[in-house]
Amino acid sequence: MIAGGVLVAGRITPDPDLLPVARDSISRFAAWVLAATTDAQFHLSALGGGLMVAGALVAHELGRRNRRVAGFPIACGTGRLPTVLLASTASLALGSALWGWTADATGAWQPLFVSFVSVPAAVVLTYGVRPRAVVTGVLAGVVLTTPIALLVHSVLCIPLGLPGVVSATTGMWASAIITFLVSDRTGWLQRDLGNRVPGPDAASMGAVQWSVRRTLADFTEPQFYGNEWAGAGMILGLLVAAAVDPALAVYGSGLWAHVLLSQIATALLATTMWRSSWREHGWYPTFTPLVSFVPALVLAEGGSVLADGVAVVVGATVVPPLAFALGRRMPDGVHPFAGYVMAMTISCAALVPVLTALPMERV
């Protein structure tokens, strides 16, 4: 049980204002959609979402002008951020409008955000900005990603007491495999990876600078931004929202500081621990624990300092290499992000129940 919300049997009950209950009010629905853009980070902050998007647009424009301060290349260095943002937002809004009744009916959190950080963006990055690709990604998010996540949440997570992130990530990888295999095998979409701008090499920076910059960037890897400006905007938005009203951050749980500090710590540890892998492979999924296992365990334990520490260390050690291995083993044609989120599913489903059974909550 956590103040202001409940995380029991995979169920989170946030403040009613954080549910998409007022779809007849354009302003409140827009605020809901904006907050949902940060649900992958467990923040659910409209201000955080707004500043994240603003930071992403700043980085995109700086990158377009070849400014060094642009940070890590946004949207995988493709220059497709506007289309990625359009497809992801359209899918999120349509999915929330179509499936928002599930949250209204239960009065509890539902994985409605999933299309914003999965198939629509991945389709645009893989198949290009042509209308057919954009529409395919948007509709796949609405008719595959979201309902699969909702079904798993209702049928498995709540009855078995699994973290909600299990249902969210299952919807992502399952729908991604279906969408990419069908698109490739039928010839419905033709690949267009575009000209990608490479990011700075890990060896080109000092260890501290690398870890700090990658930590900020890793906060927005789920949105396929992976940029310091976007990450800093998201964190700043969460801090301001929590200062104004703690109910506006992290589901109104009162644990926003525990979640944020644990996320920063695990990102710093992971980027330091796996820096050699970044140098060897050019990219490595160090972001995976900070948007899955770590906040899931922190919320489940209700603010235990010991649990926070365990989450940080176990998350940074276990989740990135599992994600990398699964990403490389996806079927031909499937975007590797499907393997990354599959690792989140496995780590949260297998480890969180075991660790929450240990006597850590009062430490």
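Just so it is clear, glycine is given a Cβ too, placed from its N, Cα and C backbone atoms.
Feature annotations, courtesy of TrEMBL:
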- 42-60: transmembrane segment (TRANSMEM)
- 81-102: transmembrane segment (TRANSMEM)
- 108-127: transmembrane segment (TRANSMEM)
- 134-156: transmembrane segment (TRANSMEM)
- 162-182: transmembrane segment (TRANSMEM)
- 229-249: transmembrane segment (TRANSMEM)
- 255-274: transmembrane segment (TRANSMEM)
- 281-300: transmembrane segment (TRANSMEM)
- 306-325: transmembrane segment (TRANSMEM)
- 337-358: transmembrane segment (TRANSMEM)
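Under 8 Å from some Cβ of the transmembrane segment (108-127) lie the Cβ atoms of residues 11-14, 19-20, 36-37, 39-40, 75-76, 78, 80, 83-84, 87-92, 95-96, 99-100, 102, 133-134, 136-138, 140-142, 144-146, 149-150, 153, 164, 167-168, 171-172, 175-176, 179-180, 183, 189-193, 222-224, 251, 335, 337, 341, all in the same chain and six or more residues away from its ends. Contact between the transmembrane segment (306-325) and the transmembrane segment (255-274) is supported: at least 3 Cβ pairs lie under 8 Å, counting only residues 6 or more apart in sequence. Against the transmembrane segment (281-300), stretch 255-274 shows more Cβ pairs under 8 Å than any other of 81-102, 255-274, 337-358.
Away from its own ends, the transmembrane segment (337-358) comes close to residues 118, 122, 161-163, 165-166, 169-170, 172-173, 176-177, 180, 224, 285, 288-289, 291-293, 296-297, 300-301, 307, 310-311, 314-315, 318-319, 322-323, 325-330 of its chain (Cβ-Cβ under 8 Å, at least six residues beyond either end). Simply put, out of 42-60, 81-102, 255-274, 42-60 has the most Cβ pairs sitting under 8 Å from the transmembrane segment (229-249). Counting only same-chain residues 6+ beyond the ends of the transmembrane segment (255-274), those with a CB under 8 A from a CB of the stretch are 2-3, 41-43, 207, 210-212, 214-215, 218-219, 235, 238-239, 242, 246, 249, 284, 286-287, 289-291, 294-295, 298-299, 302-303, 308, 311-313, 315-317, 320-321.
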